[in-house]
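Q: I am attaching a structure below and will ask some questions about it afterwards.
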């Protein structure tokens, strides 16, 4: 028979309990502070949901962590059974709330535009951020209190298996499944170069008094002196949301065309260097003829903001990928401890039992500071 070094194991447990308590506080406080520094964070359902999950990890993970540390340092089980029951309840509620929170974040990414149009952004943010807590209190709290047997670790074996199945297996599996569906739906519905908000008026090129719409995603054809090297492009700078047209002039003699009456009434003007065109509500006209090298800037229509091409679609995909990564980490870190707890494994020796149980137990506790670090990167999108 192989036995572990119980003295070394006790020292490791004491050190890990203190380290994990510090890491849980630091990472989650940093996550909350990051979201609170954002302007109008209380109107953003995504940021409010992240804050809710971080506060949940601080409250729900610290209490079991402190109880565990007290057990390790006192070298005895706490005699107050209600404290043990409360600790296990917090631990079960912690994993359940986080799993449902990931599902809420997936739903928020698809409801974001609807929430902005509704105008009830603050109320929607409060409702979405509280959904995991409401469901957790309705489902987990009664399960933890029913059939509690104070003679056998505060509950019987049947109740313990039901609690673990509902509080861990259901939310972990549901979070991964929903995140996979979310990334599939996002990649199939969000097109490249998608613009969020109101589109600017179409760019129209006049040839022989005939309006020819210019496709803003393709090259311009060579017409009336504008050679085949002419092209239409966008500025991908996130700080500049105006569309930009760059024309490369032909080196040959280009015929100068007089503007039509419709163009003259529109109020466009031409000057050497960059040419600035003010769009109207119905269309934007680009005069044909010889242009100096420069940029044609099309302003924002009616003062509305147009997002950079591809910016929103790229962020949506990154959000979905990051949520799936968080869900996978959550699944891998939490599920093994619950599986070991509810299965009757015939361990070959005490050493193997100590290695496996201690590893999965601390891995489950580490979820409370690993996922907040990942949430810091997720909140940037």
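Keep in mind that glycine also has a Cβ here, set from the backbone N, Cα and C atoms.
The model shown is predicted, which means the values in this text are computed figures rather than measured ones.
Quick paste of what TrEMBL says about this protein:
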- 27-375: domain 'G-protein coupled receptors family 1 profile' (DOMAIN)
- 15-33: transmembrane segment (TRANSMEM)
- 45-73: transmembrane segment (TRANSMEM)
- 93-111: transmembrane segment (TRANSMEM)
- 123-143: transmembrane segment (TRANSMEM)
- 163-185: transmembrane segment (TRANSMEM)
- 320-340: transmembrane segment (TRANSMEM)
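What does the local environment look like for each feature on the list?
A: Within the same chain, residues 50-51, 54-55, 57-58, 61-62, 65-66, 68-69, 72, 362, 365-366, 368-369, 372-373, 375-376, 379 sit at least 6 positions outside the transmembrane segment (15-33) and bring their C-beta atoms closer than 8 Å to a C-beta of that stretch.
Residues of the same chain lying 6 or more positions beyond the ends of the transmembrane segment (45-73) and with a Cβ under 8 Å from any Cβ of it are 10, 13-14, 17-18, 20-21, 24-25, 28-29, 31-32, 35-36, 38, 83-84, 86-88, 90-91, 93-94, 97-98, 101, 104-105, 108-109, 111-112, 115, 121, 124-126, 128-130, 132-133, 365, 368-369, 371-372, 375, 378-379.
Using a Cβ-Cβ cut-off under 8 Å and counting only residues 6 or more beyond its ends in the same chain, the transmembrane segment (93-111) has close neighbours at 45-46, 49-50, 52-53, 56-57, 60-61, 64, 124, 128-129, 131-133, 135-137, 139-141, 144, 166-168, 170-172, 174-175, 178-179, 181-182, 185-186, 316, 319-320, 323, 326-327, 330, 334, 364, 367-368, 371.
When Cβ-Cβ distances below 8 Å are used as the criterion, the transmembrane segment (123-143) is approached by residues 42-45, 47-49, 51-53, 56, 89, 92-93, 96-98, 100-101, 104, 107-108, 111, 115, 159, 162-163, 166-167 of the same chain, each at least six residues removed from its ends.
Remote same-chain residues near the transmembrane segment (320-340) are listed as 95, 98-99, 102, 105-106, 109, 164, 168-169, 172-173, 175-176, 178-180, 182-183, 186-187, 356-357, 360-361, 363-364, 366-367, 370-371, 374-375, 377-378, 381 (criterion: CB distance under 8 Å, separation of at least six residues from the stretch ends).
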